[in-house]
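Participant: This structure is in structure tokens; I'll ask about it shortly.
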Amino acid sequence: MYDNKGNINNNNNNRNNHTENGSISSDRTANRTSFFFTNLLGEAECIERLNRTATNFEPGKYCPGTFDGWLCWPDTAAGSTAYERCPDFVTGFEPSRYAHKECGHDGEWFRHPLTNKTWSNYTKCVNIDDLELKHSVNLIYISGYSISLVAILLSLAILGYFKSLRCARITLHMNLFISFAANNSLWLLWYLVVMPDAALLHDNPPSCRALHIVLHYFLLTNYSWMLCEGFYLHTVLVAAFISEKKLVKWLIAFGWGAPAIVILVYALARGLAGTINDTMHCWMNPANFDNILVVPVCIFMFLNLIFLCNIVRVVLLKLNAPVSLQGSCGPSRTVLQAFRATLLLVPLLGLQYILIPFRPHPGHSWEHTYEVISAFVASFQGLCVATFFCFFNSEVIAQVKRKWRTMCFSNRPRANSYTATQVSMR
């Protein structure tokens, strides 16, 4: 019979259950949380299974069944190998694959040469092709967010340096840039620090969950500030008289406040009503609570499209009229430039959500293509925002050229002045 450790009581030969599974430790103490909540075949069930399926092997001719902290291994004849389905609660493992445990000719489970502890081989549970795919996609994310962050910070530096560019519209641009800079920085922190740390994901500390919440807050602010951009352009072009100072204050309150309300609801709902799968691994697993974030983003996009469609109507009417439009920062040409940039960015920023219904099933031939496109669209958004609203902005280009000419002229030697002085002395 088997005792409460999952080992056979035969001549007091109690085995040690501690194992090192490939490069991942699976001892019972370290995986106690996973054992109680996610392992479908726990230690108690393993003991019951071993007692129910006990075999009549001769002593020394088999390895006694045991529970290694992840899987239950049956009695196995000496010189053979036991196979079990890979656990489905370990991130990166495929349940359709098999782990194995070797039984030596001496009736002892194989021991790892480095630790001298019984060892279960879980290395085959990892799909190498899928792992390489995820690695390449993560590299796209890291590269895209890094490039976007540099572009956004450069844009903030340019807009902050030139005082002549200060106006209501540029204030909105800078808030949008700050939102993207914070979001890109947190995504880089997530991909460089959290994702590679399996122990951190397993422990699921409050700091990691807080990072998830703050990250998605700034993700929401990206779309709320795009809505503010569209609403501002709509108001400037459509409304005849309006206090832009008051309008900017209301838009600042909405751009940062509305996402805070949404993320508070999301955090409370997922934290209090979520299942074990929803609240483990730093909340990185997809859950139904994600709809709390997706729905507001879709609403922001839909409202922005309504504003932009009406702006198109008003612009066409005004272009056909002899009266030119004037914005608070300069001629109508600058406002129209901002409108064109917003018109291009709205569908671009929402493309990843438009593609969600068309996401291929795992293993589909288009899965890799979908993941790559999503990675490019999501990570390079900041670069697109900086390009359309700053680098391609005619006002910014004019200020940079003027500053460059001033610097070049100030560094040029004054040869003419020196010659004139010589002539006068003669």
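Note that Cβ sites are derived from N, Cα and C of the backbone, with glycine treated the same way.
Not measured: the values here are computed from a predicted model.
Copied straight from TrEMBL:
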type: COMPBIAS; residues: 1-21; note: compositional bias 'Low complexity'
type: DOMAIN; residues: 45-129; note: domain 'G-protein coupled receptors family 2 profile 1'
type: DOMAIN; residues: 137-393; note: domain 'G-protein coupled receptors family 2 profile 2'
type: REGION; residues: 1-27; note: region 'Disordered'
type: TRANSMEM; residues: 139-162; note: transmembrane segment
type: TRANSMEM; residues: 174-193; note: transmembrane segment
type: TRANSMEM; residues: 223-243; note: transmembrane segment
type: TRANSMEM; residues: 250-273; note: transmembrane segment
type: TRANSMEM; residues: 293-317; note: transmembrane segment
type: TRANSMEM; residues: 338-356; note: transmembrane segment
type: TRANSMEM; residues: 376-397; note: transmembrane segment
Participant: How about long-range neighbours of the transmembrane segment (139-162): same chain, 6 or more residues beyond its ends, C-beta under 8 Å?
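Facilitator: The answer is 170, 173-174, 177-178, 180-181, 184-185, 187-188, 191-192, 372, 375-376, 378-383, 385-387, 389-391, 396, 399-400, 403.
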Participant: Looking only at the domain 'G-protein coupled receptors family 2 profile 1' (45-129), how are its residues distributed among DSSP helix, strand and coil?
Facilitator: 13 helix, 25 strand, 47 coil
Participant: Within the domain 'G-protein coupled receptors family 2 profile 1' (45-129), what mean pLDDT does the predicted structure show?
Facilitator: 85
